[in-house]
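Trainee: Pasting a structure below so you can have a look.
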Amino acid sequence: MGPPNNATPGLRLLRPPTVVGQFHTLFFGSVRMFFLGVLGFAVYGNEALHFSCEPDKREVNLFCYNQFRPITPQVFWALQLVTVLVPGAIFHLYAACRSIAQEDILQRPAYTVFYILSVLLRIILEVVAFWLQSQLFGFHVNPLYRCDAGALDKKFNITRCMVPEHFEKTIFLIAMYTFTVITIMLCIAEIFEILHRRLGFLNSQ
């Protein structure tokens, strides 16, 4: 019976110590992953196949598509989700190794500061991802893309390419920007909540 009791504090830390954190991780984070996994594949899954240029040759289409998409949006957003989860994962791993209970995060200043720093790092990573997304994909997808195919063949020079489902991609881009902004706001709210609860604990003492 001893080992299960010793493992209890680590298991309890699978949930964040704040209400906002639990909402962000268990609900909003799940919705974000579902949105990216299901709708993202539906919108971007066959983009390379339907990306066509003039002349409609396979090598020109591939060359211009690689120029149009240095990194595919699905890969970028998957990396973003994984990256922003790292600070929280490090904290929970540390807490599990040290057998820290959720109550200890509010009661011990060192743990409170450590947790707040992990949330602040998450905010920074989300801001960086927002900026990178704006640089890579912009805020609007145009139906036509002008590709410089001169490096492939001198006779092609500047060629026009059709971007499939550009309106749907614009909507999806705005949705992903919105998810990032909401995540940042939830992280800020989580910091305020844990500071408020920390002050409430000190006052009760």
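Just so it is clear, glycine is given a Cβ too, placed from its N, Cα and C backbone atoms.
Sharing the feature lines straight out of TrEMBL:
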type     : residues : note
TRANSMEM : 23-44    : transmembrane segment
TRANSMEM : 75-97    : transmembrane segment
TRANSMEM : 109-132  : transmembrane segment
DOMAIN   : 125-194  : domain 'Connexin cysteine-rich'
TRANSMEM : 171-192  : transmembrane segment
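How buried are these features, and what lies next to them?
Mentor: The list of residues near the transmembrane segment (75-97) in space but at least 6 beyond its ends in sequence, with Cβ under 8 angstroms from a Cβ of it, reads 9-10, 13-14, 16, 25, 32-33, 36, 40, 105, 111, 114-115, 117-119, 121-122, 125-126, 129, 132-133, 136-137, 176, 180, 183.
Same-chain residues lying 6+ beyond the ends of the transmembrane segment (109-132) with a Cβ under 8 Å from its Cβ atoms: 17, 21, 76, 80, 83-84, 86-88, 90-91, 94-95, 100, 177, 180-181, 183-184, 187-188, 190-191, 194-195, 198.
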Trainee: Grab the same-chain neighbours of the transmembrane segment (171-192) for me: Cβ-Cβ under 8 Å, and only residues 6 or more beyond its ends, written as numbers and ranges.
Mentor: 16, 18, 20-21, 23-24, 28, 32, 35-36, 39-40, 43-44, 73, 77, 80, 84, 116, 119-120, 122-123, 126-127, 129-130, 133, 137-141
Trainee: Going by DSSP, how much of the domain 'Connexin cysteine-rich' (125-194) is helix, how much is strand and how much is coil, in residues?
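Mentor: Counting residues by DSSP class gives 42 helix, 10 strand, 18 coil.
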